[in-house]
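S.K.: Can you keep this structure in mind? I'll have questions shortly.
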Amino acid sequence: MNGVAIRFCSVSKYSLCGVCGAMERPGFMASLVAGGVAGVSVDLILYPLDTIKTRLQSPQGFNKAGGFRGIYAGVPSAAIGSFPNAAAFFITYEYVKWFLHTDSSSYLMPMKHMLAASAGEVVACLIRVPSEVVKQRAQVSSSSRTFHIFSNVLYQEGIRGLYRGYTSTVLREALWSWRQDHVVDCWQSAVCGAFAGGFAAVVTTPLDVAKTRIMLAKVGSSTASGNVLSALHGVWRTQGLAGLFAGVFPRTAAISLGGFIFLGAYDQTRSLLLELGRGSP
């Protein structure tokens, strides 16, 4: 759900508190798979909140976009894109950290994590954005099937149509990424992540609104061009401040709750995979 932006003590939604330091020790593959499984779990469990948020942000309004009906519309797109999105972020994040290797005591360490997370978001959005375009259009048009929407986008706009809102998505996610890294206990990470994630969700909601408007805009309209400032100005002009923060409550709730679900799913899956690995010859 927008890749539910779950951040714990690390700068990334997929590199957790240390569960703890798992990314930099053997067990990388277990951590990668666990991160993907946890991401899918969060996306599916909290999907109704994401649908409600999208419909609140849509230009036709909540009721015309479907209201509370068909709140799992578009879920195949989210399910298909969630795991590879997590994997793409995770692999890029770890590779860039390795490439920018810095002594752990260096004052440059926070900058290394920030740059690695930003690079991870840029790459992950190559998978996330097409999934989001299809998902959000399905959420406001529950009568259309996911594959039908996907094929229509390709027919009418080509590959470029699947990347509508790429810039606004990267900007939104990059703001999540620039967080300083700490090592804390997992329960502390979950609590801090819920509060920090909720606050960040509120702050980045206007960018999320812009992304939604761009992805849902009619072919050939000015909003469909992908200009973030133009989209924000259009919302401000017609709906004011309330429009820029449409869907802020379900978005904040989803991200805050998602932190706890993600951490639990990640920890359990990773522990199971490591146990299975130790039992293999």
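Each Cβ is built from the backbone N, Cα and C atoms, and glycine gets one as well.
Feature list, courtesy of TrEMBL:
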- 26-99: repeat 'Solcar' (REPEAT)
- 184-272: repeat 'Solcar' (REPEAT)
- 28-49: transmembrane segment (TRANSMEM)
- 70-91: transmembrane segment (TRANSMEM)
- 111-129: transmembrane segment (TRANSMEM)
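Tell me about the setting of these features in this model.
M.R.: The repeat 'Solcar' (26-99) scores a mean pLDDT of 87 in the predicted structure.
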S.K.: Can you tell me how the residues of the repeat 'Solcar' (184-272) break down into helix, strand and coil by DSSP?
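M.R.: Split by secondary structure, the repeat 'Solcar' (184-272) comes out as 75 helix, 0 strand, 14 coil.
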